[in-house]
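*Asks:* Before anything else, here's the structure in question.
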Amino acid sequence: MSASPEDFERAAQLRRELEAHDHAYYVLDAPTVPDAEYDRLFRELDALERRHPELLVPDSPTRRVGGAPVPGLVPVRHAVPMLSIRTETDTTSGGVIAFDTRVRNALELGPHAPPVEYLGELKFDGLAISLRYENGMLVRAATRGDGYTGEDVTHSVRTIRQIPLRLPGRPPALIEVRGEIYMRRDAFERLNARQSETGGKVFVNPRNAAAGAVRQLDARIAARRPLSFFAYGFGEIGESGGWNMPATQGEMLDALDALGIPVCEHRVVASGPDGLIAFHDRIAAARDSLPYDIDGVVYKVNRFDLQRRLGFVTREPRWAVAHKYPAQEEITELVDIEIQVGRTGALTPVARLKPVFVGGVTVTNATLHNEEEIQRKGLLIGDQVIVRRAGDVIPQIVAPVVERRNGSERPFVMPQTCPVCGSHAEKQPDEAVTRCSGGLFCPAQRKQALLHFAGRRAMDIEGLGDKLVDQLVDGGIVSTPADLYRLGLVKLANLPRMADKSAANLLAAIEKSRHATLARFIFALGIRNVGEATARELARHFGSLDALMDADIERLQQVADVGPIVAHSIAGFFAEMHNREVIEQLRAAGVHWDEGVPAVAADGPASGKTFVLTGALPTMSRDDAKALIESHGGKVSGSVSKKTDYVVAGAEAGSKLAKAQELGVAILDEDGLRRLLEQPA
């Protein structure tokens, strides 16, 4: 039965009431009804919408609970870049004066000109986000990403009750609100207590808990975490209609507040640097009592017309600066130095500290990065050391307090073998990191080795992802890549959330992977510094795996693009007998390959096209990206022109990206490049 006019009217009334209660509770911190009454209204609306689906609208409060997981995070290009703000390195009042001097010089203001008006705000320790409203409706939320391209996280952001799904009044037809998603300290403590009770992951700090929730594919995770939001600016704005466009940063925050969007009350309009210094000192004194984490304050030229005159330098506005506080320090004992083996085989010294309260948390461990850092800082086990929470997040040891030594201290000695698997530990001449050489054998590296081996660009075992690898390794079913080829249907099907069909599909993918190319197999081994392009050159040069395994460093360096560093990596990998044993197990399991190099694609989406690479790609080196394009028939050029077909842009892309935008050249990120190359010929 369809909904009656009374049903439509009641649903609209319930939505208005719930939205008003949400705003009072989550934004104003002034609840207007008891929880039981709110729950009753919510259940009534939910029941109405379930009974009559035609009543459901995108901005209904019932949509905040989170729906089915999305298949993936889609890239979003920011119409107005979300650029970072320069950090003033001088944490004293001198940093404020330096900023004011730069602004006055850029505006060509003489010594007798009136002081510049600024707005002082807090610098939140959270996740930057952009909220896009069209005709008053929230249509998209995106992360900052690299400033130019972020990720669509609308599904998660909808669950944050502080963020309105619909703006009241008559806002511009299009408005992007920029701000920060964060988690209050008390909410973070409750979350971690709940996680600990249920055996879940305990988070290091509120920022990690907030950012991790927003970027989940399943919005229900964000809905279960107590996330908050503060707005601090605009992005793209369309026709204003009857809305009064703000002329200053302060007016903008007031306008956002009038739209029901949360803004922080701790802000000040200051004339000249003196008011900013007073604001900096006042917030520093109140910092520990704030209900959320901050790592500094932000100063902005208040007038928008002056902001436009000042403009930008590279990726930063001239009209704003972040002024961080000095990291907090304490002294404690360096009880011991232990070695952790990471997923990539890095042996990392970790300081075990006598518990000390610093920067708002109790610190018991600190990373020492590598042996050279320990020597550079002159640390001895048993030292009294200065511990700092750098950036208020990562604990680090600054230095020993030498005058407190009593003679019982002892030096740290880096182990010569991996403490996990016993393989030889080695350090390249130009590297500071010591690494385990048992890449295919070491338990600490198992999961990473299996994921790399099964990757699409390696042995291409479809269906073998992170969660399944966790189950296989944690359950003791798989230890090395060779064990994959011993899996049976019954053992796989008995795993949690693994149906017979999924198990059969995985076994089929494993079976298919038995036949590869030599280049793919070499890449799949996960030899450090050996990417796809180098693997192809090695396969082309040696023609067989045995010849490669027996090659010495001198012969390895005869291969194109293989220098001393790569040659030592390859030789060290094959010198470890554990790795050779796994390779022989793979051969015995029927893994084989064509001793040749794949032909360059003669026809396809990249064939005959000219590409230009700029910036740092997330997972590929520039050489790997170049080789991948060329293997599909494309050509890579060093400069952008009208003849350029595509520009592949990563983080920190520079003038080439700007030139491409000017010429209207198609721009791809790494995922876009892969999708293009995967298109059928």
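Easy rule for this one: first residue shown is 1, then count along the chain.
Each Cβ is built from the backbone N, Cα and C atoms, and glycine gets one as well.
Residues or ranges marked as NAD(+) binding site by Swiss-Prot: Asp35, Ala36, Glu37, Tyr38, Asp39, Ser84, Ile85, Glu121, Arg144, Glu180, Lys300, Lys324. For Lys123, the entry in Swiss-Prot reads active site, N6-AMP-lysine intermediate. The Zn(2+) binding site annotation in Swiss-Prot covers Cys418, Cys421, Cys436, Cys442 and is backed by sequence analysis. Annotation comment: Swiss-Prot describes 601-681 as domain 'BRCT'.
Give me the local environment of each listed feature.
*Replies:* For Lys300 (NAD(+) binding site), the same-chain residues lying six or more positions away in sequence with a CB closer than 8 A to its CB are Tyr118, Leu119, Glu121, Gln249, Gln307, Trp319, Ala320.
Cβ-based neighbour count (10 Å, all protein chains) for Lys123 (active site, N6-AMP-lysine intermediate) stands at 20.
Non-local contacts of Cys442 (Zn(2+) binding site) by the CB criterion (under 8 A, 6+ apart in sequence, same chain) comprise Val341, Gly345, Cys418, Val420, Cys421, Ser423, Cys436, Ala449, His578.
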*Asks:* Using DSSP, tally how many residues of the domain 'BRCT' (601-681) sit in helix, strand and coil.
*Replies:* 28 helix, 17 strand, 36 coil
*Asks:* Would you kindly give the Cα-Cα distance separating Lys123 (active site, N6-AMP-lysine intermediate) and Asp39 (NAD(+) binding site), rounded to the nearest Å?
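*Replies:* Distance between the two Cα atoms comes out at 35 Å.
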*Asks:* Any idea what DSSP makes of Cys442 (Zn(2+) binding site), helix, strand or coil?
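*Replies:* DSSP call for Cys442 (Zn(2+) binding site): coil, neither helix nor strand.
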*Asks:* Hey, how far is Arg144 (NAD(+) binding site) from Lys123 (active site, N6-AMP-lysine intermediate), Cα to Cα, in Å?
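*Replies:* Counting only the Cα atoms, the answer is 16 Å.
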*Asks:* Return one of helix, strand or coil for Asp39 (NAD(+) binding site), based on DSSP.
*Replies:* helix
